[in-house]
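**Student:** So Swiss-Prot lists these for the protein:
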type    : residues               : note
BINDING : CYS347, CYS407, CYS410 : [4Fe-4S] cluster binding site
Amino acid sequence: MSKDTLFDKVWDLHKVSSLPGGSDQIFIGLHLIHEVTSPQAFGALKDKNLRVKFPSRTVATVDHIVPTDNQSRPFKDNLAEQMIETLEKNCIEHKIRFFNIGSGNQGIVHVVAPELGLTQPGMTIACGDSHTSTHGAFGSIAFGIGTSQVRDVLATQTIAMNKLKVRQIWCENKLSNGVYAKDLVLHIINKLGVKAGVGFAYEFAGPAINSLSMEERMTICNMSIEGGARCGYINPDEKTFSYIKNKLCAPRNENWDEALLWWKSLKSDANSIYDDVTKIDASKVEPTVTWGITPGQSVGINQKIPLLEELSPDDQFVAKEAYEYMGFKPGQSIKDTPIDVCFIGSCTNGRISDLRVAAKVVKDKKVSQNIKAFVVPGSEKVAKEAKIEGLDKIFLDAGFQWREPGCSMCLAMNSDKLIGNQLSASSSNRNFKGRQGSPNGRTLLMSPAMVAAAAISGKVTDIRNFM
């Protein structure tokens, strides 16, 4: 087993007890909730006449089902309105901080918590959402949980978990111009596989990771789950501390000094023992695009969709399904594939830096004819900053739709959906069958810059041609 890694240290600090059967009871420092996975958990508490154990350690917002075209209340979608009302009532009853629409701080939970300074090094963080691993970018141990575990955390502030193994993914060198964090993480998942991380925490490290901004690091950790890992994390450094400083919920004055001293001690030791170490040469990563029905089915922009015989027996089975569903042929080039819809947003790539990069690509250009393109800021704070910088106008002038914050077409639990077998270029995190709202809808995952380039050209295009 691993030893003296950041994961081991944070786990041991939060371990309450060892349980029969080999699992541990782990204290959760921060519990994030939203409108979709919390109602049943609150209902279970009510049935047992229980209260939330530590309301101050729970924070709520709305993101999954909220409309992004019109957020006037009541919503047109009765279910969405009902779910928001339920969360509002539960937060009032249990005295939980709630960042609702119009508060200035509402948005996708994994965008909101970091930008408010709620996410901090050394924490254990849980949320009823798969992409909670995002917060590991700050040196926290963060993982998604199911509704029954949401109930457990609300009631006890703890959950039962088996300790994970730790795989270090050492990323050598640096990314080339026009290659982004999204490309790197898609490349990693392709090389290791979508099941390689099962039972593991991923520690992302090395010169390529160190060179990334905090928002780029969040993109990397966000998609850990797509590689099978329960969580992913990065050792905190000066970039981490600078990002958190002066945020709304960050420590202040002498509390800051005390927190900073502790945070600086939180890192894997130089002689840490890992269960596995994998090396990736970041300088060889190209702009990367998925072609199939899992995030692991991707190719560089100048590569071709793999032939069946080039794949392992296990991968061949899924590849056959992907060829048929996506309408691609083995050996086909992904470049120049015509696109129907372009979506920039999500907890993976809906932050201000993502919008800046995409706006730079589309400035003074026009969206290709017959392309539906839209931008969904990850939070109200992101939307406000984008408007101050004039990014919304750049997108609107180019022919994009500018929406209100929410998860939007990432999971299409709202009104943003593909139609028929439309093909989308998406900056989100999952390309599963039907993920974006239509049973036959198809998704190509890529960086926001690549989505922007696809919107302008009407097809999958090498972003480096726009530079």
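Glycine is no exception: its Cβ is also placed from the backbone N, Cα and C atoms.
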**Student:** Do any residues at least six apart in sequence from CYS410 ([4Fe-4S] cluster binding site), in the same chain, have a Cβ closer than 8 Å to its Cβ, and if so which, in order?
**Tutor:** PHE343, GLY345, SER346, CYS347, THR348, SER426, SER428, ASN429, ARG430, ARG435, GLN436
**Student:** For the [4Fe-4S] cluster site given as CYS347, CYS407, CYS410, which other residues of the same chain have their Cβ within 8 Å of the site's Cβ centre?
**Tutor:** ASP63, HIS64, ILE108, HIS110, HIS131, GLY345, SER346, THR348, GLY350, GLY378, GLY406, SER408, LEU411, SER428, ASN429
**Student:** Taking CYS347, CYS407 as the binding-site residues to compare, which has the smallest set of other Cβ atoms within 10 Å?
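**Tutor:** Checked CYS347, CYS407; of these binding-site residues, fewest Cβ neighbours within 10 Å: CYS347.
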